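Features reported for this protein in TrEMBL:
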type: REPEAT; residues: 51-95; note: repeat 'WD'
type: REPEAT; residues: 96-129; note: repeat 'WD'
type: REGION; residues: 192-222; note: region 'Disordered'
type: REPEAT; residues: 359-394; note: repeat 'WD'
type: REPEAT; residues: 414-455; note: repeat 'WD'
type: REPEAT; residues: 456-497; note: repeat 'WD'
type: REPEAT; residues: 498-539; note: repeat 'WD'
type: REPEAT; residues: 540-581; note: repeat 'WD'
type: DOMAIN; residues: 593-727; note: domain 'U3 small nucleolar RNA-associated protein 13 C-terminal'
type: REGION; residues: 735-759; note: region 'Disordered'
type: REGION; residues: 792-844; note: region 'Disordered'
type: COMPBIAS; residues: 792-811; note: compositional bias 'Basic and acidic residues'
type: COMPBIAS; residues: 812-822; note: compositional bias 'Acidic residues'
type: REGION; residues: 868-896; note: region 'Disordered'
type: COMPBIAS; residues: 881-892; note: compositional bias 'Acidic residues'
Amino acid sequence: MKRGKCARSWKPLQGAVVAMAIDPTSTLLATGSSSGIKVWDCVRHYCTHNLRPSGGLVGLLTFHPDPAHLTLFSSTAADTSIKVWDLKSSRCVSVMRGHVSAVTSVAFSKDQRFMISGGRDKVLHVWRLPHYSLHKTLPVFEAVEGLVILPESGESRRSGKKGPVDSLTVATAGDKGVIRVWDMVTGTMSHSLDPLPRPQSTSHQLGMTKEKDGEGEGEEEVPQVYTDLQFSGSRGELVGVTYDHSIIFYDVATFTRQKQLLGYCDEILDMRFLGGPAPRLAVATNSEQVKVLARGGSLDWQLLHGHSRVVLSIDAFVPPPPLRPLLVSSSKDHTVRVWGEEEEGSDGRSSEFICKGVGSGHTEAVGAVAFGRMSGSFVVSGSQDCTIKLWSLKPLSKWNKGEQPVKLPTKYTQLAHDKDINAMDVSPNDKLMVTGSQDKTAKLWNVSDGGLVGVLRGHRRGIWSVQFSPVDQCVLTASADTTLKLWAVNDCSCIKTFEGHTMSVLKAVFITRGMQIASSGSDGLVKIWNVRTNECVTTLDQHTEKVWSIASSEDGNWLASGGADSLICLWKDVTEKVVAEEQEARDRQILQEQELSNYLQQRDFVQAVGVAINLDQPFRVYTILSEVLDDGGEDGVFKDTLSALRPDQINSVLRYLTKWNMNAKYSKVAQTVLSYILRTHTLEQLMSYGDLHSILEGLIPYTERHFQRLSRLLQLSMFVDYTWQCMKLPDQPSAVSTTTSTALGAGLSKEPGKTSTEESFFGGAVSDVTVAAADSTTLDEGDLFVEDRAPDTELHLEHTTDSAGCEKSESEEVTDTEDSSGIEDSSVCHQGGEEQSDIQSGSDTIVVGEGKREVGESKRGRIKQKVKRQQFAKRGKEKEVGEEEEEEVEEEGLSRCRISRRGRLLQRRSLQRKMKLSGSRKHRTLIHT
C-alpha cells in the first residue's frame, strides 16, 4: 500500500468476486463468488481451503474476531441462513437460521459473546456465541444494507454492567437513506441522521430490491440508497457508502456530517469555477446531481439534488464580495434551476448551495445555459427544441430560507436555429448573446428584445462551443470540423482560424485575459493557443478519452478539464515561475562559466573539473583531463583531480566516459580515467553512484573494439621492425665460395674453377653473383660489377663481323614501358679466337631473371667505359672525382635506393662508375650477373 503497486494477484474462482473478508491477523483472505468460497494464504500465496456452500452466489463473508478461532461465517443470496465453517477441519459446524431474506451484514460485540445480523427482511437478530443460538429479534422497518456496533458510552463503562445485551449500540443503514442508532437493551432508536435525498430516477441505480406491500397489491422497486456502513475506531467516524459511489463521513459523538467524497463521477459534461483563492468547482456529471467542491480544497463535495434527469450544462455568476455566487443548471428534464449559496448549511457545513428558483417551459432537453455577465439579473437558455429563452431572476429576491424554489418568469422566447442548440454565451456588457447549433452556424442576438444581429457562417460541421472575448469585440467558436474560428462582432467576418486538433473540438475558452485560448476535443488533448500568432503554445495530454469541458478561473491561474474518462484535471499556470527559474539558471551558469575560466587561467584543474561537471559540459571535462595527462601523465595532478570528485560527479564522469569511448580519438583519455576509477573505488561504491549496469553496457563493446585495434597495430609494428632489419645492407660484400660456373645460354660452356656464388640482400631482393677468376687473380672491392635488372629485363648478345675481320657484339637491353632509361646499346669487339669460338655465330640471347647479376668479360667492360665517357663528353657534365669521394657518394645513394626502379638505375650507374675507376688496373675481372 505504501508504494501503490499490486504485490500479488490470484485467479480465485470462475465468476465475479462479490464478497471478501480478511482475518484479524491479516494473513488469510476469503473470497466468495457464484462457484463457492476460497481461502488464501496472503504470506505464502496459495489457496488453503475450497468450500462449497449451497444456495448460489455468496454475498456475505466474515471471520471470527478472535484469531484463536479459525471460524468463517458465510451466507448466500438464495439461502437465508448463516453457515459457520471450521477452517481447521474444513467443515460446516453450524447453520444459523432465522432470517427470511438475504443476510447482508453481521457484527460482533466487544466481548465476543454476541453476534448481530441484519438483512433485507427488515429485522436484526442477536445470536449467542459460541452456541450459535438466536437470543433476540429487533424490527427496524427498513431493509438493512449495513450495520456496525458502536463503542460503549461513558455511563455504561462506569456502571460495569455485564448483562446479556447491556451496552450494545448498533447503527444501521438501508434503503431509506437514513442512518439510525439502536439501543439493543430497550429495543428503541436513540438517534437518526438526516435522510439523504432519494433519487428521482432509476437510470443510474446500482441495486434494486423487490418487496410486496402488506395488502399484496404487487411488487415495487426500492432503491438502495446506502449500500454499506463501516466504523472507524481510530477516527471515531461512521462511514456510509451510497448507491452513486459517494462516501460520507459522520462524527459518532455529534452524529453530524463531516465530509463527502466522490467515488465515481462518470462522464464530466460541464464545469465552472465559483471564485475564491482555492480552486472551487461546480461539476455536471452524467447524473441528476450537481456536484460542488467545498472551500479550502479539502475534497469535500456537496451534491445538489433537484433535477430528475441528467444535468447537461451549468454556468456560474461570481459577484464581488460580500455577495455570494449563483449557479444555474439545465437538464434533460426540460427545466432550468438557479442555486444560491447560504452561509450555514443544515448539515453542519459552513456554507451550502440551495435551489432558489426553477424555470420550466422548454419542450426538449435544455443543452445550454448562461448568466448575464454584469449584474447576473437574467439567465438565457437554449434547448433541443431550437428555441432560446430569457429568464428573469428578480423573483429570487423574495425567496426565504426554508421555502420552496420560486418559479422564474420568461421575458421572451425566440426560435433561433434549425437544429439543436449546443452552446450559449452573453457579452461582457450584457447587450449581445451568441448561440451555437448543430446547423453549422452561430448567431448573434440582441439581449433586450431577442432580435437577430448577425449570422456567423464558415464551419463545415456543428458548433459545440461559443464564447465572447473578455477584451475584444470578437467571438470564439469551436466546431466538429476540428477548427476554431475567431469572428468580428461588427461585420460577422472570420478573423482567424486555428487548426491543430485531429478530431472534433468540443470546448474552447479564453484565458490569460483574452491573450490565449484553451481548447479541448474528442482526441483527448487540451491545447493552448496564442491569439496573436495562431500557434499552439503547448498541448496537455492527460486524458484518455474525449474532453467535454474546460473551465478557467477568474484570475487565470487555474484551468480545469474533464471528460468521458471520469477524470477532473486541475492545471496551474506556472509561466512566471518557469521564466524566473530560467533566468536564475542563466545567471548561475554565467557565474560558473566565469569561475571555470578563472580556474583554467590559474591552472587549478581540480576545481575546474568540478565546475565543468556541474555545468554538464562533457567536452570541457575531456579537454581539462587531456591537458592534465599531457602535462604530467597519470601521476600528480591527474590523481589529485580525480580523487577530489564527489560521488555524484564521479557518476557524471562515468556517463561521459561512455560517450568518449565511442570515438578512438578520445578513447585514450577515457580508458585512463576509467582505469583510475576502477582501481581506486570498490564495487559497492560504484554501485551506489548510479546505474552502473547501463554504464558498463556502453563501455564494454567499444573497449573490446579498441583492444582489438591496438593488438593489430602492435602486430604491424613488429612486422615493420622485422622488415627494416631485413632491408639493411651489409658493411662489406664478401665472396662465399668459388664454384663451377653455370652456362647462361645454350652457346656458353662451363669452365671449372672460374665461378663462385654469393647470396645477399640487395634492395629487398636476393641476388646470386657468379665470379670468374682470370689468371688466378682475386677481385678487389672495386672490381665487383653488379647490374640489377627489373623482372622483365632481357639481355641480347648479337655477334657480327666488321670489315677488319673482327667480330662485333652488340649488347641490347629490352625493358618494360615503365623504365625506358636503360643502358644504351654498345658494340663489343671480341679479339680472341678462343672467345670467338665459345660464342656461336648468329644472334644469341641470354635472359636474366629478377635479382640476378651478369658477369661480363674485361673487354666488354672496357668498351662500356668508353661509351660512358663519350656520353658524358657530349653532355658537358664530366667531372674529375677522386676514388674515395665517388665510393662515399655511391654508397650513400645505394642506401636510399630500396626496391624502386629509380634505385635500380642508381645502382647500375654506380657500378658502371666503379668499373670506370677500375679500368686502369692491371688485372681485370669479368662479372656476369
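Using N, Cα and C of the backbone, Cβ positions are placed for all residues, glycine too.
Long-range neighbours of the repeat 'WD' (51-95) within the same chain, counting only residues 6 or more positions beyond its ends whose Cβ lies under 8 Å from a Cβ of the stretch, are 18-25, 28, 30-34, 36-39, 101-106, 108, 112, 115, 117, 119, 121, 130, 132. Taking the repeat 'WD' (456-497) as a whole, pLDDT averages 94 in the prediction.
Secondary structure by DSSP for the repeat 'WD' (456-497): 0 helix, 24 strand, 18 coil. DSSP places the residues of the repeat 'WD' (51-95) in helix, strand and coil in these numbers: 0 helix, 23 strand, 22 coil. For the repeat 'WD' (498-539), DSSP puts the residue distribution at 0 helix, 24 strand, 18 coil.
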